[in-house]
Amino acid sequence: MASQIQKLLTTNQDLLLMQKGTMMRKVRTKSWKKLRYFRLQDDGMTVWHGRHLESISKPTFSISDVERIRKGQDSELLRYLVEEFPLEQGFTIVFNGRRPNLDLVANSVEEAQTWMRGLQLLVDLVARMNYQEQLDQMLREWFQQADRNQDSRMSFREAQRLLLLMNVEMDEEYAFSLFQEADVSQSNTLDSEEFVQFYKALTKRTEIEELFENFSSDKQKLTLLEFVDFLREEQKESDHSSDLALKLIDRYEPSENGRLLRVLSKDGFLSYLCSADGNIFNPDCLPIYQDMTQPLSHYYINSSHNTYLLGDQFCGQSSVEGYIRALKRGCRCVEVDTWDGPDGEPVVYHGRTLTSRILFKDVLATLAQYAFQSSDYPLILSLDNHCTWEQQKTMAHHLIAILGEQLLSTTLEEQLIDIMPSPEQLRGKILVKGKKLRTIEVVESDKEEEELEKDEGSDLDPASAELDMQSQPESQEQASGNKSKNKKKFLLQSSTTILCPDLSALVVYLRTAPFCSFTHSKENYHIYDISSFSESKAKNLIREAGNEFVQHNARQLCRVYPSGLRTDSSNYNPQEHWNVGCQMVAMNMQTAGSAMDICDGLFRQNGGSGYVLKPEFLRDTQSSFNPMKPVSLYKAQILVVQVISGQRLPKVDKTKETTVVDPLVRVELYGVPEDTKQQETSYVENNGINPYWGETFYFQIQVPELAMLRFVVKDYSRTSRNNFIGQYTLPWTCMKHGYRHVSLLSKDGTSLHPASIFVYTCMQEDLDMDEP
């Protein structure tokens, strides 16, 4: 693949023009538009820009950091500048994670097309690289960085600089001995092939060699039977382990003769352990593997709070980009706060703050385009409506006109009224969640009508409560006097009606309802009534009535949202709300941190569909489960985690070439309160390339079905807080035991390949302190 890129750099016309460089306009805001010189570097993997051709600057971004290229027509920012620049001359570079997009305007349509085609070609090539090809590319980049005089050879001084780039501080005498061993030509320099041998010596995996030799009778190879023993005893691959061993040998043994003899060499063994088959995340959990035909209330649903915000809650930017990013992350419930806007057009923003505004119809157009790109399971549009009657009519018109057949506007045929539809039944549909005027038939089935309370938005926003009071349906006493009238008509209210029937009619299965008590909800609400809770209210209910909360959530949906005091868009721990079966635990997805890592970890499974089936005891309306007083169906288990080693950890501060990390690993367990705990290794001084810890931890787990495991690697600091290096979070139910690699992710959730840690995990019935 790497050679293919090098070939394309000399033959592809788009890439040739990109290597010559192009002056383009970089656009950050409506007023910030600067000319910059962009050029694809000779390695074909990095792009830099400067004020002019002679600018001295480092590469601005790597092709591996780019997710996709968008046309100018799809850029919210460039559309605002259509009178200044033709949209056909613009394009957007979309990066992985939360890194801001890069909007560019070329001097001509042809120039824009050249860069769009060329960049997308390289992005697609990188996406198809396997582990070895990615490693080859990384080695090539390191060699080029170390070869300061560009003579295609590396001196020992350049090799010393490389060690610092690779995040390792090594004794000079030992480093020189490795350098001499690799210098087969005895020229006191290394060519590219000799450099590969130098790299292998630097990254020698002694711990894996020892593991290999423990199962190999001749210390040179694993026979088929020896490999089967390893898979069965250590990797817990008890089912069809013989067939699996054959497949893995065919897949990872580099020697054709070894494959014919059905043996695995040391290199093949290492390739297996570093592959997806040797990863801690069970590959069987990556596609859709759960039953998707159960009622919506039986699933955790990946949910976003104030989806339109890219920053804080007070003066942050509102943008349709927030919806695109959330949907890209697998979000299946987005929030839309609507307010009256100019020219009769509703706008979306965080009301009574300084956040910017976007048009409601632009949000809908974005949802129509991106709703089902990452998941085709139903998308819930959580509507927080603050508009007047007239603009609500406009909202209803836009919902129907823009979303078209994607919008679920009527109940499903042959769907029982007392059972919520399933994700499978609702595939490809957008559901509106919001307030709904009640019909006489519904009122008659209710024992009483309660005064509506505030149920959505910020804890500090009185407007919602005011709206709810105004849109309150008439009391049961008033309703009884109207029984002779047409039952399909909406009820008149004692005060001026605020909620528009046109908009109300589009709320089909997801009607918001104020929460009074669990008893009231059970006796008065239907399965399609949804109550919303602030995080603090939900926490109180969990502490005071955990089991009732579990039963409530087995029967109907609920939504939890962050406190309005979180003006910085920080997040709360979703785990404690999942523990009682809350389905829609809304997160500020624009904010990285441990809370979002836990959220991403849960929804990484099941095809990234945004729907995860809750454990059986959280789907039973008669469940006796209480997370505050868990009684395990089985004997408490012991999770054993041995943190063995780390590989190619990135620098915390890449601008400081001479600094090297002192890494440590913290293992965090999240679940019911009794299971939540963490343990930490000691730190390894000055080694980011192959640190070794070899420390073992024991975690007692009462409710493994709810447990989440998070590995965090940090750079130890004596004077301040330890700096974040990388992390990986996964559900206990998706964890493969045995010797596994944990692929690290950045704060933004993007891959830090090839950075990883090597661990051993297993489950024990009784606490046995012997080393695994």
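Positions of Cβ are set from backbone N, Cα and C atoms, glycine also.
Among SER64, SER445, SER563, the residue that Swiss-Prot annotates as phosphoserine is SER445. Among the candidates SER55, SER458, SER682, the residue that Swiss-Prot annotates as phosphoserine is SER458. Swiss-Prot annotates LYS433, LYS435, SER532 as substrate-binding residues; of ARG357, ARG559, ARG566, ARG604, the candidate listed for that same site is ARG559. A gap of 26 Å separates the Cα atoms of GLU158 (Ca(2+) 1 binding site) and ASP715 (Ca(2+) 5 binding site). Secondary structure at ASN306 (Ca(2+) 3 binding site), as computed by DSSP, is coil. Here the candidates are the recorded positions ASP147, HIS350, TYR716, and by Cα distance the one nearest ASN306 (Ca(2+) 3 binding site) turns out to be HIS350. Of all the recorded positions in the record (GLU335, HIS350, ASP715, TYR716), the one with the smallest CA separation from ASN149 (Ca(2+) 1 binding site) is ASP715.
Fewest other C-beta atoms within 10 angstroms, among the binding-site residues GLU158, ASP337, ASP715, are seen around GLU158. Of ARG153, HIS305, HIS350, ASP715, TYR716, all annotated as recorded positions, the residue with the shortest Cα distance to GLU335 (Ca(2+) 3 binding site) is HIS305. According to DSSP, GLU335 (Ca(2+) 3 binding site) sits within a strand segment. In this structure, of the recorded positions ARG153, HIS305, the smallest number of CB atoms within 10 A of the CB marks ARG153.
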